[in-house]
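Listed in TrEMBL for this protein:
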type     : residues                                   : note
BINDING  : 52, 53, 54, 55, 56, 96, 145, 190, 315, 337 : cyanocob(III)alamin binding site
DISULFID : 65-107                                     : disulfide bond
């Protein structure tokens, strides 16, 4: 059975509100989002969890709040308990998930869509999340990874800590140095509000009557071609005892100099389809690696294909955006979260 489209619908409703629609065609969509939040939950009490992820579940609560719609207290409590009990993890990086929750908590508290007692708890949880954002900052200024950084910056902006938190300026500088990573509509939507000093919470208070019509399409210039070729070492790892061998594939793959990692995977499959094969799933953030050598990463199994630049640096971009340099070694590792 296909899981609920909670995250996709939440992002659509956020975008719809931000675009200042002349009419309100989204009432039924808000109802569907409320329905998804109820259908998402499996299990009971603190032992339960969303069918998709806490990230998508938090996006759903945030979108409803931006649309000034009340959320049942048990729905909010589920997120609060997950944060307090450390259930948000995915591959060692919880920044984006915790940031989404902090934005949802701040929105609910400020819009007075919850009772006084719960609002106080949400305020404390948002502050704790903000402190965790600062602790997660690396020496390069990036918080979590490059795609998590805009979410963390939105938290600092929404909570007003952008004026006092040193991590804000360092993360903004790192973001400006890595803007080429944001090449899809979904990632651009995360970074554009931050570059203008806003968070998603500001969508609810926009004065749409004063907005000029600036949505004029323009022709995009193609990326310049890079001459020559390069060679990338492609490695596939699967931990024991999941697989009969730790390293399942290890081969040099020749590709054009401008090739992305997705191009490298396609070239490896073209060299010998029996030796290497893979599958991807289209997402708003671009293609997502779901299967390699017949081994499928599944949400219900809590595993995923982690992509590393050897020896152990996690990939900061999607497979369609990352362009490995000549001689690089890229590791595809089936991992748990």
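Note: Cβ is positioned from N, Cα and C throughout, glycine not excepted.
Keep in mind the model is a prediction, meaning the values are calculated, not measured.
Of all the Cβ atoms in the protein chains shown, 19 others lie within 10 Å of the Cβ of residue 315 (cyanocob(III)alamin binding site). There are 19 other Cβ atoms within 10 Å of the Cβ belonging to residue 52 (cyanocob(III)alamin binding site). One residue stands out among the binding-site residues 56, 145 for having the most other Cβ atoms within 10 Å of its Cβ: 56. On a Cα basis, residue 65 (disulfide bond) lies 16 Å away from residue 54 (cyanocob(III)alamin binding site). It is 14 Å from the Cα atom of residue 65 (disulfide bond) to that of residue 56 (cyanocob(III)alamin binding site). In the structure as shown, the Cβ atom of residue 54 (cyanocob(III)alamin binding site) sits within 10 Å of 23 other Cβ atoms. Counting in whole angstrom, residue 107 (disulfide bond) lies 24 from residue 145 (cyanocob(III)alamin binding site) by their C-alpha atoms.
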